[in-house]
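Colleague: After the C-alpha cells below, expect a handful of questions from me.
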Amino acid sequence: MANLADKHIVLGVTGGIAAYKAAELTRALRRSGAQVRVVMTRAATAFVTPLTFQALSGNPVHLELLDPAEEQAMGHIDLARWADAILVAPATADFIARLRIGLADELLPALCLAATAPIVLAPAMNRAMWENRATQANVRALERRGVRILGPAEGEQACGESGPGRLLEPAAILAALAQLWEPGRLAGLSVLISAGPTREAIDPVRYIGNRSSGKMGYALAEAAKAAGAQVSLVSGPVALPPPAVDEVVRVESAADMYRAVLERAERCAIYIGAAAVADYTPTATAPRKVKKTAAQWTLTLTRTQDILSAVAALPNPPFTVGFAAETEQVEEYARQKRLAKGLDLVAANRVGAGQGFDADDNALFVCWSGGETSLPLAPKKILAAQLIALIAERYHGQNPA
Ligand code: CTP
C-alpha cells in the first residue's frame with residue numbers, strides 16, 4: 001500500500017458524478033497516513049455534501065474564496081503553503097479548462113494558481129468530452145507545465161456510454177501520488193528506450209509496418225524522466241507528441257534503430273527495448289515505385305538484426321529490459337525469451353482481440369532472474385510508472401550503491 005505518512009494533501013473535488021468516489025479516496029488517503037483537507041467547487045456540492053468530506057477527512061471543508069470567516073481560519077494562500085500536493089479528483093473538463101487558462105474565479109482554481117506544490121489531476125467525464133480536441137489540448141498544455149494527469153480509466157460510464165473517462169481506482173491514484181516523493185530512484189542514471197514500430201521500405205512509397213502505437217515506450221520514457229533519469233528515446237514513426245525527455249532520436253527502419261541504439265547503449269545504465277522492431281525486412285528495396293503489372297508479387301525478406309540481443313551481448317551491457325508480445329502461453333514464452341536473449345528483465349503482454357497494440361490500457365507479466373510478478377490491467381501511463389519502479393528496484397538490487 002502507498003505510504004503517504006504525514007503528507008499534507010489538499011483534495012480538490014469538482015462537480016461530476018464521480019465526486020462520490022472522492023469520499024472513498026479521502027478514506028484511503030487517511031488510511032495511508034496523509035493529512036487531508038478537502039476543497040470543493042460549488043458544482044461539487046450539488047453531488048456530495050461538504051459534511052461527508054468533513055467527517056471523512058477530519059477537517060472542515062473549504063468552499064469559499066471570499067468568505068471572511070474561512071479566510072481567517074485558513075486562507076487560500078495558507079492552504080496553498082500547507083499543501084505538499086494538490087490532488088483534484090475527479091477533475092472535470094470544465095475545471096481542466098479553467099486551470100489551463102489560469103482562472104481564479106473560486107477557491108480551488110485560485111489555490112492551484114497560488115500553490116508551488118505539485119498538482120495532480122484525476123480526470124473523470126463523459127468519453128466524448130475527454131476525447132474532444134479542446135480537452136486534449138488543455139490536458140497536454142497542463143502536462144507541459146508539470147501538472148500530472150492520472151487516467152482516466154476506460155470502461156462503462158454513468159451516462160451509459162463506454163470508453164475513456166472513468167475516474168481511476170483510489171489505489172492507483174494513491175500509488176501514483178506516493179511516487180511524487182520517490183523521484184530519486186533513477187537519479188543520475190541514463191536510460192535508453194526504444195519505442196514504436198519500424199518501417200521497412202519495399203519501394204519509395206510502400207513499406208512493411210506493424211500496429212505498435214509507441215504509447216507504452218513513450219509512457220516509459222516519461223516515467224523514467226519523472227524518476228530522475230537522463231532519458232534518450234529512439235522512436236520509430238508514431239503519431240504521439242514528443243515527450244519532455246533529454247533526447248528524442250527519430251528513426252524509420254529496423255537497421256536505423258539498430259544503429260541509433262547501439263551508438264548509445266554502452267553509455268547507458270538501463271536499456272528498455274519497447275519498440276516493435278520488424279523481424280524481417282525486404283531483401284532488396286526497389287529504387288522506383290513498383291508498377292502493378294504482374295498478377296502476383298513475391299517479396300523476399302531477410303531477418304533483421306536483433307537489437308535487444310546485441311545490447312545484452314555487449315562486453316559491458318546495460319541492465320537490459322525486453323518486451324514480449326504473445327497471443328498464448330504468455331508467462332512461459334516470457335521466461336524463455338529472457339533466457340534466450342540474455343536479458344535482465346522481460347515484460348510480457350497478451351496481444352490480439354483489442355489488447356496490447358494501440359490500446360490505452362495494458363496488463364503485464366514481468367520476470368527476472370529469481371522472481372516474477374503481474375501488473376494488472378491499468379492505463380499505460382500508470383503501468384509505465386509501476387514498471388519503472390520495478391526496473392529501478394531490480395537495477396539497484398544488481399548494482400548496490
Ligand atoms: N527486438 C529487437 N530487435 C529485433 C526484434 C525484436 O530488439 N530485431 C526486441 C523488441 O524491442 C522487444 C523484443 O525484442 O523488446 C521482442 O522479442 P521478439 O523475439 O522479437 O518477439 P517476437 O517478435 O514476438 O518473437 P517470436 O516470434 O520469436 O516470439
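Using N, Cα and C of the backbone, Cβ positions are placed for all residues, glycine too.
Pasting the relevant annotations from TrEMBL:
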ACT_SITE  Cys159  active site, proton donor
BINDING   Asp279, Lys289, Phe323, Lys337, Lys341  CTP binding site
DOMAIN    7-176  domain 'Flavoprotein'
DOMAIN    186-393  domain 'DNA/pantothenate metabolism flavoprotein C-terminal'
REGION    1-190  region 'Phosphopantothenoylcysteine decarboxylase'
REGION    191-401  region 'Phosphopantothenate--cysteine ligase'
Colleague: Near ligand 1, which of the recorded positions Cys159, Asp279, Lys289, Phe323 are found, taking a Cβ distance under 6 A to any of its atoms?
Modeller: Asp279, Phe323
Colleague: If you count CB neighbours within 10 Å, which one among the binding-site residues Lys289, Lys337 has the smallest count?
Modeller: Lys289
Colleague: Please classify the secondary structure at Lys289 (CTP binding site) using three-state DSSP.
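Modeller: SS state of Lys289 (CTP binding site) = coil.
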Colleague: About how far apart, in whole Å, are the alpha carbons (Cα) of Lys341 (CTP binding site) and Cys159 (active site, proton donor)?
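Modeller: Here the two Cα atoms lie 48 Å apart.
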